[in-house]
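Undergrad: This structure is in structure tokens; I'll ask about it shortly.
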Protein chains: 2
Amino acid sequence: MKMNHNFSNIAQSYLFSTVAKKVADYTAAHPDKKVIRLGIGDVTLPLPQVAIDAMHAAVDEQSKQETFHGYGPEQGYDFLKESIQAYYAMRDTKLELDEIFVSDGAKSDVGNILDLFDKDNTVLVPDPVYPVYVDTNVMGGRKIAYMNANESNGFLPLPDPSVKADIIYLCSPNNPTGAAYDRASLKAWVDYALANDAIILYDAAYECFVSEDVPRSIYEIEGAKDCAIEFCSFSKTAGFTGTRCGYTIVPVQLEREGMNLNKMWLRRQTTKFNGVAYIVQRGAAAIFSEEGVKQVQEHLDYYRENARILAEAMDELGIWYTGGKNSPYIWLKCPNGMESWEFFDYLLENANVVGTPGAGFGENGKNFFRLTAFGDRENTIEAVARIKKLLS
Amino acid sequence: MKMNHNFSNIAQSYLFSTVAKKVADYTAAHPDKKVIRLGIGDVTLPLPQVAIDAMHAAVDEQSKQETFHGYGPEQGYDFLKESIQAYYAMRDTKLELDEIFVSDGAKSDVGNILDLFDKDNTVLVPDPVYPVYVDTNVMGGRKIAYMNANESNGFLPLPDPSVKADIIYLCSPNNPTGAAYDRASLKAWVDYALANDAIILYDAAYECFVSEDVPRSIYEIEGAKDCAIEFCSFSKTAGFTGTRCGYTIVPVQLEREGMNLNKMWLRRQTTKFNGVAYIVQRGAAAIFSEEGVKQVQEHLDYYRENARILAEAMDELGIWYTGGKNSPYIWLKCPNGMESWEFFDYLLENANVVGTPGAGFGENGKNFFRLTAFGDRENTIEAVARIKKLLS
């Protein structure tokens, strides 16, 4: 019996557990202080009412023999895939239904997609980064190359022609930096991937926050269907973090070494997955209705206004940051040359505000700090007032 | 870019598509005939009312900020894990909460568990077999050895000490044969695994159908916690085939090569999975309530009675079969030396009854045929009458 020893090479992350412990220790020592948490990446608003209504109706269907749904198609019901297809069509991106795979969330698919690739590939990952991209590849024994995201490139690195990568992770708008690639930059990545026979794994989980003229989908770039797989999720769009639904686009024309990636993914999913709950798919489909789109926009506007309030404070304080416009994240440079854990303690102790130290996302994050717009309005306004008082 | 070329080695299965095409052709040519389908492995009764009520309540919780659930623990909520723990405790099997991992179904976990093992292991699989065991390993590039399940061993093969296997798949009560291992036979497998340092992947998806004195869980056997991982599902227990919830047990003491499999699986799940929908976990937990257990038993009794009716007909016809007692499947020997596809056509054309040809599950199934108890009562009785008329 031989175990997968690559598991021994996965770095243990103590980021969120250390944050939690520091906050718990502080509140225990200062029970009178009101601590405001702007560190989490989870949503706080309840599900849109259209999704609630649709799920009640679907639960009722599951209670009667005539309307009961057993095993569904592993790749998702057409009613949901057609809604996703129409959503892309609004931005002139034509998808075939067979290119859309409904899943239980982007995190699962971003990891599971690696089943399609040999171990012997070089994976290019930005630093700082969502740790799942790194850990899933280390688990599979793949070699990882890092690209520097930093203040000088606005945390939006461009391809380095001297580096030969096979698999490239791009997340835009980015977690944790909130930075979003413009069209020309994404075009540079698509051109690089095509020239190098590489595959781009494009994480679009935050596309719903785009408000400026930047792409929401890699397929808005010519040539992307020949080099990119896109992952998206209803987690941030419609508050589905605990309801679990997302989708992955694998173009039917995407081929490497004579193998068709769409057919491979279909085979992977039909073999190792049994589809998303019917009830959940009905909830997800509802958010594409006319009323659903309206309700989702209200939610997004709420978080966007929080982001604007945070960004405005950074502007007033003269603090350099990315994000806040096309993203629920503000990625700020720690003031006075502080390191991120130092700033974390300083902010917790002096303003009773919790954020996330950038060092937790990679070496290049060690002087940066993430604040999120997912808190409630009143707390966000109070946190901003405290931060401004402390830092001005 | 190197693709995973093992995908080219996965056999294409045309079993269910060929069955569907033959049935469609027959019904098109004979629109007046009432065809009865006893081929499917999907349930037909709606969800138990307790699960419906619990899911309505959970949907309502998701509609209010105060009760909203975002990201949950990847390994499942304690309220569900505690119910599963109590279910095992009823049969004197003590599980720690950390040994229980809630998932979206046994199929996902049976495939994903392979992330823990090196490619270089020999996998022992019965023939006939649920094709997922084979396909997931071929995808991962592993060598497969088959053990013969056949009439002479009642489709319950015992370990062959001359064969050295590292990973062993056991499914009991079995899909497709319906045969269930007794205590002594499972003990022989546990002893073999311990002697060979092997791991048993034990699929208990049909344990709820056990009615005789055979184990429902591998952990009823001494030593199993040192060599076995168990997969289970609410699909057949409570009709969750389209609602998606199951669980996997990885003992905390299970180690190989100095690596702890429980910790590895936790790391795999927290990295590549984001938990099951809160709403669905509430529905699953409800079936363990006093009223839930009663409703589930009513469902199971309905299917069991169908199985009994089918088995009784086989007895009357003097047809050799396995299953029917601890399983919703009847695995019968095709009469008059017919091969399974030949019998399929014969039964479709002369009795208008659809079953599943055993050849679809492996070489050893080529003279066998699967009927399922998941149809409705009236149709099952009518199918039996037609089969008896045709074959007596």
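Using the three backbone atoms N, Cα and C, a Cβ is placed for every residue, glycine included.
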Undergrad: Check TrEMBL: it lists B:Tyr14, B:Gly41, B:Lys107, B:Tyr130, B:Asn175, B:Asn274 as binding substrate. Then name which of B:Arg216, B:Arg370, B:Arg377 it lists for that same site.
TA: B:Arg370
Undergrad: In TrEMBL, the residues B:Tyr71, B:Ala106, B:Lys107, B:Tyr130, B:Asn175, B:Ser233, B:Phe234, B:Ser235, B:Arg244, B:Asn274 are said to bind pyridoxal 5'-phosphate. Which of B:Tyr206, B:Tyr302, B:Tyr303 is said to bind at that same site?
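TA: Matched candidate out of B:Tyr206, B:Tyr302, B:Tyr303, per TrEMBL for pyridoxal 5'-phosphate with B:Tyr71, B:Ala106, B:Lys107, B:Tyr130, B:Asn175, B:Ser233, B:Phe234, B:Ser235, B:Arg244, B:Asn274: B:Tyr206.
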Undergrad: Quick check for you: of the binding-site residues B:Tyr14, B:Gly41, B:Lys107, B:Asn175, B:Asn274, B:Arg370, which have their Cα within 10 Å of the Cα of B:Ser233 (pyridoxal 5'-phosphate binding site)?
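TA: Correct set: B:Lys107.
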Undergrad: What subset of the binding-site residues B:Tyr71, B:Lys107, B:Asn175, B:Ser233, B:Asn274 has a Cβ sitting under 8 Å from a Cβ of chain A?
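TA: Going by the Cβ criterion (under 8 Å to chain A), the qualifying binding-site residues are B:Tyr71, B:Lys107, B:Asn274.
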Undergrad: Among B:Tyr14, B:Tyr71, B:Tyr130, all listed as binding-site residues, which has the most CB atoms within 10 Å of its CB?
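TA: The largest 10 Å Cβ neighbour count belongs to B:Tyr130.
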Undergrad: Within 10 Å of each Cβ, count the other Cβ atoms and name the one among the binding-site residues B:Asn175, B:Ser233, B:Ser235, B:Asn274 with the highest count.
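TA: Result of the Cβ crowding comparison: B:Ser233.
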Undergrad: In Å, rounded, how far does the Cα of B:Lys107 (substrate binding site) sit from the Cα of B:Ser235 (pyridoxal 5'-phosphate binding site)?
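TA: One finds 11 Å between the Cα atoms of these residues.
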Undergrad: Where does B:Tyr14 (substrate binding site) sit in DSSP terms: helix, strand, or coil?
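TA: Assignment for B:Tyr14 (substrate binding site) reads coil.
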Undergrad: By CA-CA distance, flag whichever of B:Gly41, B:Lys236, B:Asn274 among the recorded positions is nearest to B:Tyr71 (pyridoxal 5'-phosphate binding site).
TA: B:Asn274
